[in-house]
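Novice: There's a structure below that I have some questions on.
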Amino acid sequence: MGSKGKLLLAFVVSLCSTVQLEAQLQMGFYSSTCPLAELIVQQEVMKALQSNIGLAPGLVRMHFHDCFVRGCDGSVLINSTDNNQAERDSRANNPSLRGFEVIDSAKTRLEALCPGVVSCADILAFAARDCVSMTGGMTYRVPAGRRDGRTSLATEASANLPPPTFDVDQLTQRFANKGLTQDEMVTLSGAHTIGRSHCTSFSNRLYNFNSTTASDPTLDSTYASQLTQSCPQGSNDPTLVVPMDPSTPYTMDTNYYSNILANKVLFTSDQTLITNSSTAASVRMNAMNRMLWRNKFAAAMVKMGQIEVLTGSDGEIRKVCSVVN
């Protein structure tokens, strides 16, 4: 089979897999049961971002962290109890996740209007979409009908979420475990174009990197020097943060990919994308073509939002997103 034939086959397989995923959920799922559902979520997101734009990357990240652990079932929203440490309090999520109050506000309004109808998992998927749109990304339709899970375990978050130290092969495998391709992995990594990171997530690249060099040689030396000013050696202060993209920290653009090519990204898991010929080609393509990336990102978000979803009579519709019924 020629290269064009292989590409066509890959596209058909991908399309079939997407159709199969989408069959479980529906566009306009709440059109008759709670027609204002998406508008109410959008209003709460807009109100929150007007006072703190930093919540946008927080909510996008929260949706990703929800879907990668037990599927997109809202389990990341559940509080810990005396007998159980939940996902949100795992080392992978705390203190990096934020925006829980936005989901809670939307849920409170929806329960008053349409009690027991709209799931917390769907609210989070809608909110992530709205954050992408409100920070300059492409808006997209979100199929809904997810139901909420009843289990949330911190150990599962650590076992399923890719840490910032992963190399390209580890990332590829972790995303493949969730039914996502390598190109979708590179595409979704572009969410790192907005938001901030705690110094503790990348300080290993700044100090005592190995026996011969203090900082990671794949990190631009001038940029590394700037980062050491913001992240002093030996500090574990959780309040020390730096923007993921210093030039446009709250705009969904393709600077992230340009920064990879310039060796000016924070995480090993970002810089590693240039070490593989296939992922490097995707990085270069995305850096050159913002519209292409925006379209691919929207499609990848829709696909990610359908990982292992609970539908029908599975799970529940939580009355309060942080507590199981």
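Cβ coordinates are placed from backbone N, Cα and C, and glycine is handled just like the others.
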Novice: Could you identify, going by TrEMBL, the member of Cys131, Cys231 that forms a disulphide bond with Cys199?
Specialist: Cys231
Novice: With reference to TrEMBL, which of the candidate residues Cys114, Cys120, Cys131, Cys321 participates in the disulphide bond with Cys34?
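Specialist: Answer per TrEMBL: Cys114.
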Novice: Which cysteine out of Cys72, Cys120 is the one TrEMBL pairs with Cys321 in a disulfide?
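Specialist: So the cysteine that TrEMBL bonds to Cys321 would be Cys120.
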Novice: Taking all residues of the domain 'Plant heme peroxidase family profile' (24-325) together, what is their mean pLDDT?
Specialist: 96
Novice: Just give me the nearest neighbour of Asp253 (Ca(2+) 2 binding site) among the recorded positions Cys34, His65, Cys72, Cys114, Cys120, Cα to Cα.
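Specialist: Nearest by Cα distance to Asp253 (Ca(2+) 2 binding site): His65.
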Novice: Which residue, of the binding-site residues Asp66, Asp73, Glu87, Asp245, Asp253, has its CB surrounded by the fewest other CB atoms within 10 A?
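Specialist: Each of the binding-site residues Asp66, Asp73, Glu87, Asp245, Asp253 was scored by Cβ atoms within 10 Å; lowest is Asp253.
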Novice: Show which residues of the chain containing Cys72 (disulfide bond), separated from it by at least 6 in sequence, have their CB under 8 Å from its CB.
Specialist: His63, Asp66, Ala121, Leu124, Ala125, Arg146, Met304, Gly305, Gln306, Ile307, Glu308, Val309
Novice: If you measure from the CA of Arg61 (site 'Transition state stabilizer') out to 10 Å, which recorded positions from the list Cys120, Pro162, His192 are inside that radius?
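Specialist: Within 10 Å of Arg61 (site 'Transition state stabilizer'): His192.
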Novice: Given a separation of at least six residues and a C-beta threshold under 8 Å, show me what packs close to Cys34 (disulfide bond) in the same chain.
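Specialist: Non-local contacts for Cys34 (disulfide bond): Leu110, Leu113, Cys114, Val117, Val118.
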Novice: Can you figure out which of Cys120, His192, Cys231, Asp245, Thr248 (the recorded positions) comes closest in space to Asp73 (Ca(2+) 1 binding site), comparing Cα atoms?
Specialist: Cys120
